[in-house]
Amino acid sequence: HFPLLFQFDPDNTGYISTEKFRSLLQRHGSELDPHKLEVLLALADSNSEGRICYQDFVNLMSNKRSNSFRQAILQGNRRLCSKALLEETGLSLPQRLIRHVAYETLPREIDRKWYYDSYTCCPPPWFMITITIVAFFLYNGVVLDRFVLQVTHPLYLKNALLYHPQLRAQAWRYLTYIFMHAGIEHLGLNVVLQLLVGVPLEMVHGAARISFVYVAGVVAGSLAVSVADMTAPVVGSSGGVYALVSAHLANIVMNWSGMKCQFKLLRMAVALICMSFEFGRAVWLRFHPSAYPPCPHPSFMAHLGGVMVGITLGVVILRNYEQRLQDQTLWWIFISIYVIFVLFAIFWNIFAYNLLDLKLPPPP
């Protein structure tokens with residue numbers, strides 16, 4: 001169809017009239033996917049200048065979105081919303097799964113239709129699946145020859161992955177601690193939340209955005225411990241998991257009327273109960289007397305660091321489906337706050353431990 005557009009734009013201005021555009025759709029509409037045809041008609045109806053930008057057409061056909069195209073579609077979304085995606089029947093199992101994910105994560109019908117039309121499962125949600133598999137099996141047979149690292153074991157701290165205050169100069173520990181868990185229940189809850197929430201979010205928002213939120217939550221979690229609970233080690237992926245879950249829940253609350261997922265109140269309640277149970281367990285474990293006094297129990301501050309990342313950076317990222325975050329004012333505000341916190345925590349780790357003369361647990 002691209003040569004036809006050039007025929008209607010002999011002067012190569014980048015625009016064609018809406019009348020000519022509609023005639024093209026009438027002539028070749030049967031060859032297009034119904035969802036794309038629906039969006040193209042909305043684009044034609046929404047334009048008040050009497051002309052269609054060629055680049056908007058290219059963006060649609062190549063499954064790309066621009067701010068100008070998004071605005072044009074938003075103005076003409078009456079046609080798009082005439083039939084909700086949820087009302088379509090005769091879908092295959094993969095199509096029903098994609099539709100379900102769209103309704104679980106996106107608050108606007110226009111975004112759901114766009115996602116449903118453009119998602120190809122290529123690439124698959126590899127980041128969350130990979131992180132989960134590594135967390136589940138990395139230390140099996142490598143650390144203590146145990147399926148799950150138990151904090152009641154006398155050699156609990158003797159591995160190169162978890163964060164320990166005496167070894168805070170080893171920078172990789174601020175990330176790799178997520179692969180160690182304090183018991184099967186700790187690992188189980190994190191894996192369940194990671195898969196049930198993280199995988200659908202990655203299917204919609206992509207690996208780049210979700211991995212950024214996850215890793216930002218992980219780093220904020222370990223740095224929060226190094227600032228607020230300076231004598232404790234850290235294990236578990238709760239920082240990243242809580243960043244994703246809290247961002248998703250906050251997004252649902254902010255867009256409550258637009259979220260059409262089934263049993264959304266029940267699902268929120270279940271997620272909050274699971275998070276509260278795991279957090280309460282972490283608090284209890286932190287203050288419970290250790291079976292091996294030289295080996296302190298892990299801190300719970302990583303959970304709170306993840307939540308703070310989720311309700312700031314995470315909310316901005318999940319709220320703006322397929323928009324350039326660089327154009328969002330809140331994005332720059334929150335990323336600046338995050339960078340300031342990271343820099344503050346780095347200087348705190350360099351100077352505060354010596355100045356406060358803390359009694360740290362012995363190195364493992």
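Just so you know, glycine gets a Cβ as well, placed from its N, Cα and C.
What TrEMBL lists as active site, nucleophile is S238. Summarising the annotation, TrEMBL assigns active site to H303. Positions annotated as domain 'EF-hand' by TrEMBL: 7-31. Residues or ranges marked as transmembrane segment in TrEMBL: 126-149, 210-228, 265-287, 299-318, 330-351.
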Query raised in the report: From the Cα of S238 (active site, nucleophile) across to the Cα of H303 (active site), what is the distance in angstrom?
Result: 6
Report summary line: The average per-residue pLDDT within the domain 'EF-hand' (7-31) comes out at 70
Report task. Using a Cβ-Cβ cut-off of under 8 Å, list the residues of the same chain that are 6+ residues beyond the ends of the transmembrane segment (265-287) and lie near it. Result -> 151, 182, 185-186, 189-190, 192-193, 197, 229, 232, 236, 238, 242, 245, 249, 252-253, 297-300, 303
Report summary line: Long-range Cβ contacts under 8 Å made by the transmembrane segment (299-318), restricted to residues 6 or more beyond its ends, are 105, 201, 205, 209, 212-213, 216-218, 220-225, 228-229, 232-234, 236, 238-248, 250-251, 254, 278-279, 282-283, 285-286, 325, 328, 330-331, 334-335, 337-338
